[in-house]
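Database features, via TrEMBL:
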ACT_SITE  LYS72  active site, nucleophile
DOMAIN    10-339  domain 'DNA-directed DNA polymerase X'
DOMAIN    57-76  domain 'Helix-hairpin-helix DNA-binding motif class 1'
DOMAIN    98-117  domain 'Helix-hairpin-helix DNA-binding motif class 1'
Amino acid sequence: MSKRKAPQESPNEGITDFLVELANYEKNVNRAIHKYNAYRKAASTISKYPNKIKNGEEAKKLEGVGQKIAEKIDEFLQTGTLRKLEKIRTDDTSSSINFLTRVTGIGPAAARKFFEEGVKTLEDLKKIESKLNHHQQIGLKYFEEFEKRIPRAEMEKMETLIHRELKIVGEEYIGTICGSYRRGAASSGDIDILLTHPDYTSETEKQPKLLHDMVSHFESTGFVTDTLSKGDTKFMGVCQLQKSDDDDDDEEEEYLHRRIDIRLIPKDQYYCGVLYFTGSDIFNKNMRTHALEKGFTLNEYTIRPLGVTGVAGEPLLVDSERDIFEYIQYKYREPKERSQ
């Protein structure tokens, strides 16, 4: 959900940084999603590689690194830069559109439209603030705060608070913070919560009250500060931890405002959702491929057996993530083992 790249704890940080920058250029400026995905996949693979890459030939042995990316790695390692990136960085259109898409609520199409109207910077956006939609106004208001990643210690405090408040609203609520946090990341871009309740299943009517009651409670405690959008099953907004007596006295500054998404998922689809939104993308893809090989189709909602004609049957009962692994005879991996 975040537009920020993950921090690198890798001997190949320079390579992964330029690959992510190229990926964002392809997505935001060229709208070339296949190239975006290719660069992101290569960056993800290389970020997990424990050794310092010496040349493109070595990199090509890794999944997702083809000849063209290997050539760019060679150029970067030999010169310390990349001609294509230098050109992108000095191109007014590319740099402005890339920058504007960092404001939450501004996608590539809106960024290009703003650019064509002469809007290129935060100051330009502030001058036309009244023309921005609500989501974009919030993105502009908290731009500097949203740009800063959330330390794991702060995420852990939010997790404790969220679980405590869930039980206050209703004992039967279940909530999980997913994304890279659940995989053990040192920092996160935002908070992504999956919520469920036994009263809501795929067989019942929608239960928007379950989501709205929770959001209203978070607002009443001061945790949720702004709403970007609120539907029947998904809330997008802004949250902020409040200072408590337990906080270090040396830390006088308030906690920053953070982006938060809450999804309400039917109870019988919950653990497929938790698996999917925990990621990583590559892990999910590998697991879906393995499921197909074993005769199942797996997505963020259900796991279903495939008949001889290839038609999916009824969803299987899933009461935990482990159930999914067992159905497809896939060795269980703890969330912290799913980052590659």
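Backbone N, Cα and C atoms are what each Cβ position is placed from, and that goes for glycine too.
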Query raised in the report: Near the domain 'Helix-hairpin-helix DNA-binding motif class 1' (57-76), which same-chain residues lie under 8 Å Cβ to Cβ, leaving out any that are not at least 6 residues past its ends?
Result: 14-15, 18-19, 22, 38-39, 41-42, 44-46, 49, 82-84
Query raised in the report: Averaged over the domain 'Helix-hairpin-helix DNA-binding motif class 1' (98-117), what pLDDT does the prediction give?
Result: 95
Requested in this report: Count the residues of the domain 'Helix-hairpin-helix DNA-binding motif class 1' (57-76) that DSSP assigns to helix (H, G, I), to strand (E, B) and to coil, and report the three numbers in that order.
Outcome: 13 helix, 0 strand, 7 coil
